[in-house]
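Annotated features in TrEMBL:
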{"type": "BINDING", "residues": "11, 62, 72, 73, 161, 194, 212, 213, 222, 223", "note": "substrate binding site"}
Ligand SMILES: N[C@@H](CCC[C@H](N)C(=O)O)C(=O)O
């Protein structure tokens, strides 16, 4: 059973071809495969399904076994896999996710392999029912959220998957690691939520830290970059083209007048592997 492992700025995913999978995709198996000690280890799993030369489908799993609607790094990684392994020779194609159809373009390649990929990630919504956030229908902009004894102001949105953004004067890694899980699992968010701490550096540049739903602290996140840039733009703090700085590197986000968002960044393959017979046996029993 073959797989590849790639990363987008340190946010790593294992890619399997649906046709070749010979074990059940249960929560237990996803957790085991993503486990960094007992499995391959990753921030998630991508399952590729080919529809035709221009259309593909992906299922995105978090390391806790839950299924995500969208992933910016995951989509770039998958697009690279599709292109590098010649599932298509097109440089532009579509990928269906649970969070909607996205268009990908290979914008830079090296020796026939994709290096930089642009993703039309879909439209942002700040509407509470579409994120979802409990309570009456409203846009969640700078709304107070009580976490134990602390109250923070949050801006929430969906780009297919849900995000909760809060702004700070100084980035604090310990704070995102302690607040992240509390916000992710806050009763206001029935589907849980991804969390971003944002420091605006200039009208074109923000720095963020990420706590991912179902994955925890990660070095980078594509959908989080789109969310953080869009929340900053909505609040009038940045222009519509933003460089998003994360511990793993930089992604470029463009917010269009209809609130559709483009994401550009790299993806890199690390290795190709094969599951051992004994590991496969574990996955089958
Ligand atoms: N790393 C991703 C986001 C993956 C999904 C997320 N954890 C969720 O549950 O929505 C990205 O690059 O966007």
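Just so you know, glycine gets a Cβ as well, placed from its N, Cα and C.
Location within the structure of each feature annotated in TrEMBL.
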| residue | record | DSSP class |
| --- | --- | --- |
| 11 | substrate binding site | strand |
| 72 | substrate binding site | helix |
| 161 | substrate binding site | coil |
| 212 | substrate binding site | strand |
| 222 | substrate binding site | helix |
Cβ-centroid neighbourhood (8 Å) of the substrate site, 11, 62, 72, 73, 161, 194, 212, 213, 222, 223 excluded: 44, 68, 70, 71, 74, 210, 215, 218, 221, 224
Longest CA-CA distance among 11, 62, 72, 73, 161, 194, 212, 213, 222, 223, per record bound to substrate, angstrom: 17
Neighbour count (Cβ, 10 Å) for residue 72 (substrate binding site): 29
Cβ atoms near residue 222 (substrate binding site) (within 10 Å, other residues, all chains): 30
In the chain carrying residue 161 (substrate binding site), residues 6 or more apart in sequence that have Cβ under 8 angstroms from it: 68, 69, 70, 71, 99, 194, 213, 223
